Amino acid sequence: MSNIQTGYLNAQDAAALDVELMSTPGFSLEQLMELAGLSVAEAVYEVAFGGDGEKASNDGGRKKRVLLVCGPGNNGGDGLVAARHLAHFGLESTIVYPKQSSKQHFVNLVKQCEDMGIPILQEIPSTNDSSKVEETKYDVIVDAIFGFSFHGTAPREPYATAISQMVQLQKEQSVLLSVDVPSGWDVDGGDLTGTNFHPDVLISLTAPKLSAKKFEGRHFVGGRFLPPSIAEKYGIQKPPYPGVSQVMEL
């Protein structure tokens, strides 16, 4: 881990910053979700091809396979956007989206993924069928279930089961990457409920949340779009993003 300092946001400031982005500089929710999803996709690509050791190593020249588990809110929307970008990047995306939102923007995101030929499932495929081992083998699992609005209670179904299944896939050598906050973690306090959910990689969006101090894996940040005035107001130090990248590893 580097010594790069970015500042941390508590849950209250993270919510306030989101609101301010959609008022003072006039970002739309759709813009922010697109920028966030692109950042997630870049981090996944870096993990799949550049880096988490043997877990994401090349396997006989086949396409890298990514399973994105999406929740009902904006974090899930980030996952949908990421799935589309990953497909454009040449990876094989599969989406698990148990509770699809009826909001038009989310409906549009689903349609865009369908147009890319991305499968959208209701639940994570079972790994118990030995004849389908290759079909359920993923290089990277993306946890895009809950974001910074989650507060410290045990996740409910169907997400509790999904989280357990992601942990199992992680044990079977998939790299587990969480979007913004590991699902089930309190935004400020971390894993307060003892979920035993510990991703290999975290991609913090806009800026790391307080719970990221409890995270011990690879840590990326994606917040290159943040206006300097807002960054200063919330005590965020933007890292020196390389080249044209939207993400940087801390």
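Glycine residues also receive a Cβ, built from the backbone N, Cα and C atoms like all the rest.
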Matching residue for the K(+) site, where Swiss-Prot names ASN75, SER183 - out of ASP18, ASP139, ASP143: ASP143
SER183 (K(+) binding site) to ASN74 ((6S)-NADPHX binding site) - Cα separation in whole Å: 13
Rounded inter-Cα distance in Å - PHE148 ((6S)-NADPHX binding site), ASN75 (K(+) binding site): 8
Extra residues within 8 Å (Cβ to Cβ centroid of ASN75, ASP143, SER183), K(+): VAL69, GLY71, GLY76, GLY79, ALA144, ILE145, PHE146, GLY147, SER178, VAL179, ASP180, VAL181, PRO182
